[in-house]
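Step one of this worksheet: look at the structure below.
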Ligand SMILES: O=C(CO)[C@H](O)[C@H](O)COP(=O)(O)O
Ligand SMILES: [Fe+2]
């Protein structure tokens, strides 16, 4: 299992002060920044694109930026986000006919490659490509919006994927995204996740350090 990562989703930040919010959450102990890209096509919402990622890099953000593409098609955005300073780029298998090719594209551009699984997406989408992935993102809500409730069946999926990852002996990260909070993070960790995306559970709190510390404490068993 990889070291624990807490990745606040800046979808839940105050967009009017995005740079400051990003620095604040990193100073509060966040390990990565989770960057949700929504196109009002693959998902019914619109967020931000590569220019904002580049602006955060220019503003001095050096932490890993974990780009979660909820867009279709994916190829152009993969290229643009790699250029804009993304560290990892994750896409959904339903968003492209060419999953293997796009994993390779992400790696060729020097980023870590991830695949995101919606709540109803079966695990056979990992067949033949698991060993090429750096990260698997289990969606514990239907993608498109922050602030939704964690779907409990995600725990079964996390356990099943953890088994598959352990069989490979590769350092593939298992990330969980949607409705993660200090209340449920321990059960998500016990199911086998090592990377925790949280938007509202951090940004809706007045004290980001307290929110992140509570999450870290809940998984330091
Ligand atoms: O990908 C996402 C939604 O599609 C977000 O990363 C996710 O919803 C995080 O927000 P919250 O912790 O508030 O659920
Ligand atoms: Fe996300």
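Don't overthink the numbers, they just go from 1 along the chain as shown.
Backbone N, Cα and C define each Cβ position, glycine as well.
In TrEMBL this protein carries:
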ACT_SITE  36  active site, proton acceptor
ACT_SITE  177  active site, proton donor
BINDING   9, 68, 144, 145, 146, 147, 177, 178, 179, 199, 200  substrate binding site
BINDING   34, 36, 68, 177  divalent metal cation binding site
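Listed in sequence order, the recorded positions among 146, 177, 179 whose CB lies under 6 angstroms from an atom of ligand 2 come out as 177. Comment: substrate site residues 9, 68, 144, 145, 146, 147, 177, 178, 179, 199, 200; largest CA to CA distance 16 Å, whole number. Taking the centre of the Cβ atoms of 34, 36, 68, 177 as the divalent metal cation site, the nearby residues of that chain (Cβ within 8 Å, site residues left out) are 7, 9, 11, 35, 66, 90, 137, 197, 199. In the three-state DSSP reading, residue 200 (substrate binding site) counts as helix. Using a 10 Å Cα-Cα cut-off from residue 68 (divalent metal cation binding site), the recorded positions that qualify among 36, 146, 200 are 36. Distance from the CA of the residue listed as 'active site, proton acceptor' to the CA of residue 146 (substrate binding site) is 10 Å. What surrounds the substrate site, by Cβ distance within 8 Å of the Cβ centroid and not counting 9, 68, 144, 145, 146, 147, 177, 178, 179, 199, 200, is the set 11, 12, 36, 141, 148, 197 from the same chain. Across the structure, residue 34 (divalent metal cation binding site) and residue 179 (substrate binding site) place their CA atoms 14 angstrom apart. Residue 144 (substrate binding site) sits 11 Å from residue 177 (active site, proton donor), counting Cα to Cα.
Here the binding-site residues are 9, 200; the one with the fewest Cβ atoms within 10 Å of its Cβ is 200.
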